[in-house]
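Colleague: Here it is, the structure, as structure tokens.
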Amino acid sequence: MSASSLLEQRPKGQGNKVQNGSVHQKDGLNDDDFEPYLSPQARPNNAYTAMSDSYLPSYYSPSIGFSYSLGEAAWSTGGDTAMPYLTSYGQLSNGEPHFLPDAMFGQPGALGSTPFLGQHGFNFFPSGIDFSAWGNNSSQGQSTQSSGYSSNYAYAPSSLGGAMIDGQSAFASETLNKAPGMNTIDQGMAALKLGSTEVASNVPKVVGSAVGSGSITSNIVASNSLPPATIAPPKPASWADIASKPAKQQPKLKTKNGIAGSSLPPPPIKHNMDIGTWDNKGPVAKAPSQALVQNIGQQPTQGSPQPVGQQANNSPPVAQASVGQQTQPLPPPPPQPAQLSVQQQAAQPTRWVAPRNRGSGFGHNGVDGNGVGQTQAGSGSTPSEPHPVLEKLRSINNYNPKDFDWNLKHGRVFIIKSYSEDDIHRSIKYNIWCSTEHGNKRLDAAYRSMNGKGPVYLLFSVNGSGHFCGVAEMKSAVDYNTCAGVWSQDKWKGRFDVRWIFVKDVPNSQLRHIRLENNENKPVTNSRDTQEVPLEKAKQVLKIIASYKHTTSIFDDFSHYEKRQEEEESVKKERQGRGK
């Protein structure tokens, strides 16, 4: 038998497999007998209950717990909507408040069949079948609102039952109001606006209402149950209105003397560090003239200038207070030209000034014939008592000789830049000096090259002082294995003997015109340490220094530097005692 004949005969054999019965089934059976077997065919391939069908009471909580008419809420967080709070099915019971969105159980017959036992249909999509997925929904018969805080919230019903109220209803005929604290976000946003205090005070405090929201506020006013409240429009507060308001008067600050106001602004801060430090280039105010002091003397309070003699006692000298710090009562009179000139002088950055020149202008202190200066003290013009060490030095050495031979035939001259006047004072006191390692080699080579054929002169100047303070002659070669131990800094090694010839302050203005061809044609006043001066130019410098009628010198502050040396030595002894 062929395969084709088998295929043709197989359906016939299957169709005839009916035993003990008629070939036509309807002859012996009723239609109702097959109804229980045909009913499952209505839902083929469905192993779960359809969402639109009513649920079984044996699976869910008792049906009495859902006797409310529920509204709607979105399930997505897209757009301006907020995610509702969902509870589990097992916690639902009768009379308990629960924040279940009305989208869980919608209106009857939305997508499903008739509600089971009077309950609502099981509907996950709010607003029926016209719901636009994941968008801003709008129920039938409701207007769409643009506000983000509109009808997207469902609020807890009371324990007495009743419909849940959406976030859009506003006192129409409901007995229940919105949930407390609903619009805290709206109130917080309204508080950020300009003039928010006025808006918050004018809008009536209604539970569940928004403050500062235009759409919700209009709904509240247009409500039927609430009488129309007269809400004053918020007062406009523009930038022009704010700018037109007068500025608040600032309280006048009082000075230390207790007098408000000042005729002149305060001068720049002056930081005066230790006396004689090479890098102390802070501005120093000069003392006001006598006429200006008399004019300011009419003020209620005036700080008397500290005498120079008192400045040189225990502490480093401090510059006197400038005229700009003096205060005057209100209204302040216009500043006088003399005051402006003194203030401009104080504001300009000046060089480091020696203590002897800080009480008055440079070059105004009286000096006797031997170069011993007189300090101008506030108590009187009597000269200060000379120090015993200075008297001994003056008796041994003939400082500032009048018969000095500046016209050298042989010799070498070098510029010496000192870091402080303390080292100048000790060089004069001990007749020694020490330069840097490079400077010591240069000076030692120059001294040995002369071999007694001519002098080696050293022109001393303190960094930032603005003047040359004296001339000394090198009297020995450099001893590299000796440390003097008397300098203000302990880093100097080596020493050589010197003899001081001139001890006087010669301003740089007297020597600035002399330029050195071996230093890029710079002025002699703009030289580095151990800069050699050509012999012809050195003669000019020595002639000017020898003939200059000085008014100040380091001798004026000799007592001050003596006391500073004693203090430094006591500090060194204390450190050595601690080290042991």
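Each residue, glycine too, has its Cβ placed from N, Cα and C.
Not my notes, these are from Swiss-Prot:
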- 1-45: region 'Disordered' (REGION)
- 2-385: region 'Localization to mRNA processing bodies (P-bodies)' (REGION)
- Ser2: phosphoserine (MOD_RES)
- Ser2: N-acetylserine (MOD_RES)
- Ser4: phosphoserine (MOD_RES)
- Ser5: phosphoserine (MOD_RES)
- Ser22: phosphoserine (MOD_RES)
- Ser39: phosphoserine (MOD_RES)
- Ser196: phosphoserine (MOD_RES)
- 247-388: region 'Disordered' (REGION)
- 291-317: compositional bias 'Polar residues' (COMPBIAS)
- 338-350: compositional bias 'Low complexity' (COMPBIAS)
- 360-372: compositional bias 'Gly residues' (COMPBIAS)
- Ser360: phosphoserine (MOD_RES)
- 373-384: compositional bias 'Polar residues' (COMPBIAS)
- 386-580: region 'Interaction with m6A-containing mRNAs' (REGION)
- Ser395: phosphoserine (MOD_RES)
- 411-545: domain 'YTH' (DOMAIN)
- Lys417, Ser418, Tyr419, Asp423, Trp433, Cys434, Asn463, Trp487, Trp492: RNA binding site (BINDING)
Colleague: Fewest other Cβ atoms within 10 Å: which of the recorded positions Ser395, Asn463 wins that one? Let me know.
Modeller: Ser395
Colleague: If I take every residue in the domain 'YTH' (411-545) and average their pLDDT values, what number comes out?
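Modeller: That stretch averages a pLDDT of 95.
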Colleague: If you count other C-beta atoms within 10 angstroms, which of the binding-site residues Tyr419, Trp433, Trp492 is the most crowded?
Modeller: Trp433
Colleague: Can you give me the Cα-Cα distance between Trp433 (RNA binding site) and Ser395 (phosphoserine) in Å, rounded to a whole number?
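Modeller: Ser395 (phosphoserine) has its Cα 21 Å from the Cα of Trp433 (RNA binding site).
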Colleague: Between Lys417 (RNA binding site) and Ser395 (phosphoserine), how far is it from one CA atom to the other, in Å?
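Modeller: A Cα-Cα distance of 27 Å.
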Colleague: What's the CA to CA span in angstrom from Trp492 (RNA binding site) over to Ser395 (phosphoserine)?
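Modeller: That comes out at 30 Å between the alpha carbons.
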Colleague: Just to be sure I understand the packing, how many Cβ atoms besides its own are within 10 Å of the Cβ of Lys417 (RNA binding site)?
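Modeller: Around Lys417 (RNA binding site), other Cβ atoms within 10 Å: 20.
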Colleague: Which numbers of helix, strand and coil residues does DSSP report for the domain 'YTH' (411-545)?
Modeller: 41 helix, 45 strand, 49 coil
Colleague: What is the separation, in Å, between the Cα atoms of Asn463 (RNA binding site) and Ser395 (phosphoserine)?
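Modeller: Approximately 29 Å lies between the Cα of Asn463 (RNA binding site) and that of Ser395 (phosphoserine).
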